Amino acid sequence: MALPAGPAEAICALCQRAPREPVRADCGHRFCRACVVRFWAEEDGPFPCPECADDCWQRAVEPSRPPLSRRLLALEEAAAAPARDGPASEAALQLLCRADGDPLCSACRMAAGPEPPEWEPRWRKALRGKENKGSVEIMRKDLNDARDLHGQAESAAAVWKGHVMDRRKKALTDYKKLRAFFVEEEEHFLQEAEKDEGASDDDELADPADRFRSLLQAVSELEKKHRNLGLSMLLQ
């Protein structure tokens, strides 16, 4: 709720200025209403104290739940960075500048001008770093799985390539055999035709129709023989 600023508590814990529309957390820290709204803009709840990260509102709902500051202590230590100008108190380094990631002390906040700098609490940055680390691990696992699948695909492609080459060699061999057979049968047919032509010269009175029928029968037998041979080779 909005409270008037007293003389001893006239500084917002976030912007280090006199609070405008001051609000006070249950832990006793005072803030500007705009600073608190800005601090909690990315939060869905629970809403801890921006200064000490104490979840006093959450403890009222869940009494057995430990304070947020204790639950995130390890993450705060992992994300903490040294002060840029020397040692400073822990309370003065609760915020990190969004621009360069360095700790944001009270002096920097007071010298920032009319508009306060972009800041965020250290524990929130620690949580985000933990989430990013988990995402990196998932991406690394997906990459390893993709490499394994790629290796399996290459092995399968090599096996199928070997099968195709074997079938190609076999088909080429069968083609050469079939072509040699056709050449041999063609020579045999020409020899038979020459013999029939010589016999017809000796017998001038032979009927041309009979000669044509005999020649046609020889051609049919040759085609049948070729067809049977080709079919047998294809079925091997």
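Glycine is treated like the rest: Cβ placed from N, Cα and C.
Record features, source Swiss-Prot:
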- K195: ubiquitin cross-link (CROSSLNK)
- K224: ubiquitin cross-link (CROSSLNK)
- K225: ubiquitin cross-link (CROSSLNK)
- R98: asymmetric dimethylarginine (MOD_RES)
- R109: asymmetric dimethylarginine (MOD_RES)
- S200: phosphoserine (MOD_RES)
- 12-53: zinc finger (ZN_FING)
Euclidean distance between Cα atoms of K224 (ubiquitin cross-link) and K195 (ubiquitin cross-link), Å: 22
Secondary-structure category, per DSSP, in which K224 (ubiquitin cross-link) falls: helix
Secondary structure composition of the zinc finger (12-53) [DSSP: H/G/I, E/B, coil]: 7 helix, 6 strand, 29 coil
Structural state of K195 (ubiquitin cross-link), classified by DSSP into three states: helix
K224 (ubiquitin cross-link), number of other Cβ atoms within 10 Å: 10
Average pLDDT across the zinc finger (12-53), rounded to a whole number: 74
